[in-house]
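Asker: One structure follows; several queries about it will come next.
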Amino acid sequence: QLNATFYSGTCPNASAIVRSTIQQAFQSDTRIGASLIRLHFHDCFVDGCDASILLDDSGSIQSEKNAGPNANSARGFNVVDNIKTALENTCPGVVSCSDILALASEASVSLTGGPSWTVLLGRRDSLTANLAGANSAIPSPFEGLSNITSKFSAVGLNTNDLVALSGAHTFGRARCGVFNNRLFNFSGTNGPDPTLNSTLLSSLQQLCPQNGSASTITNLDLSTPDAFDNNYFANLQSNNGLLQSDQELFSTLGSATIAVVTSFASNQTLFFQAFAQSMINMGNISPLTGSNGEIRLDCKKVDGS
């Protein structure tokens, strides 16, 4: 059972150390908060929140970093390593890499204007990775709402969690390659996605021409790209969602998600409360506790390897 005081006797400053390291990282990288919370998300959806996403290729381990949802896009690993080093210097062998991801997510959100919440702790780190699981379990920006809802449901998260957690796209960037399917030939129609605002469409077509680079990046939230707020939901209401998986939350006819988007768009406090609770819910997915797993000394590799 995870709890808020897990390190109070062994590493009381753990949370403060994580926070100050991330504060430092923000100085040179305004998108680091979004990158760190995404690592936690992509970790938790694959065999639970066990830091399996952080393991590099080695021996029998096929790294999840090479999975489609992570290759060329998962980032922030260096900051996780910096946090781990700082923690090892203060309380060696105590704080798990999976707990670092949970703490880093809360710090990333609260440092950018979003809510704070009490992070439950006590996760341990996996001894292996699951490349196939990362390829199949992580929701894709190209998927329809029903598929994405099923993937959330498979890890015990409901429609409210889905909409709240999607709100993390209030900050961070996305590459042309994850939304250019909407720009020219959407689902074989030879035209753009009809749910994409025409002004945004023209600017994205210029940014991401048909034979252009798939790795050019743009803001997920065109109004306040680096602030954690509820503007993401207002963007959906004006068809300014960047990803297909974003816009479908509001544009899928008859979907239960529409009312949730509407309520979050009109009430930031409500969104912040829901987001904090859904982050706790996501952080509770199948953690390794007790004597399961280990406390990795280096987040990139299993101890003794």
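Numbering starts at 1 and runs along the chain as it is shown here.
Just so you know, glycine gets a Cβ as well, placed from its N, Cα and C.
Model, not experiment: these values are computed from the prediction.
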Asker: For the Ca(2+) 2 site that Swiss-Prot assigns to Asp221, Thr224, Asp229, which of the candidates Thr170, Thr269, Thr289 is also assigned?
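Answerer: Site partner of Asp221, Thr224, Asp229 for Ca(2+) 2, according to Swiss-Prot: Thr170.
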Asker: Which residue, chosen from Asn147, Asn284, is annotated N-linked glycosylation site in Swiss-Prot?
Answerer: Asn147
Asker: Considering the candidates Cys11, Cys44, which is the cysteine that Swiss-Prot reports in a disulfide bond with Cys49?
Answerer: Cys44
Asker: What residue among Cys208, Cys299 is stated in Swiss-Prot to be the disulfide partner of Cys97?
Answerer: Cys299
Asker: Taking the Cβ of Pro139 (substrate binding site) as reference, which residues of that chain separated by at least 6 in sequence fall under 8 Å from it?
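Answerer: Within the chain, Pro139 (substrate binding site) has Cβ neighbours under 8 Å at Phe45, Asn147, Ile148, Lys151, Phe152, Ser245.
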Asker: Determine, using Cα-Cα distances only, which of these recorded positions is closest to Val46 (Ca(2+) 1 binding site): Asn3, Cys11, Cys208, Asp229.
Answerer: Asn3
Asker: Are there residues of the same chain, six or more positions away from Arg38 (site 'Transition state stabilizer'), whose CB falls under 8 angstroms from its CB, and which are they?
Answerer: Ala74, Gly76, Ala168, Gly172
Asker: Within 10 Å of each Cβ, count the other Cβ atoms, then let me know which of the binding-site residues Asp43, Asp50, Asp221, Asp229 comes out lowest.
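Answerer: Among the binding-site residues Asp43, Asp50, Asp221, Asp229, the sparsest Cβ neighbourhood within 10 Å belongs to Asp229.
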Asker: For the recorded Ca(2+) 1 site formed by Asp43, Val46, Gly48, Asp50, Ser52, which further same-chain residues have Cβ atoms within 8 Å of the site's Cβ center?
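Answerer: Output for this site, in sequence order: Cys44, Phe45, Asp47, Cys49, Ala51, Ile53, Glu64, Ser98, Ser126, Asn130, Ser286.
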Asker: Of the recorded positions listed here (Gln1, Cys11, Cys176, Asp229, Cys299), which is spatially closest to Asp43 (Ca(2+) 1 binding site) when Cα positions are compared?
Answerer: Cys299
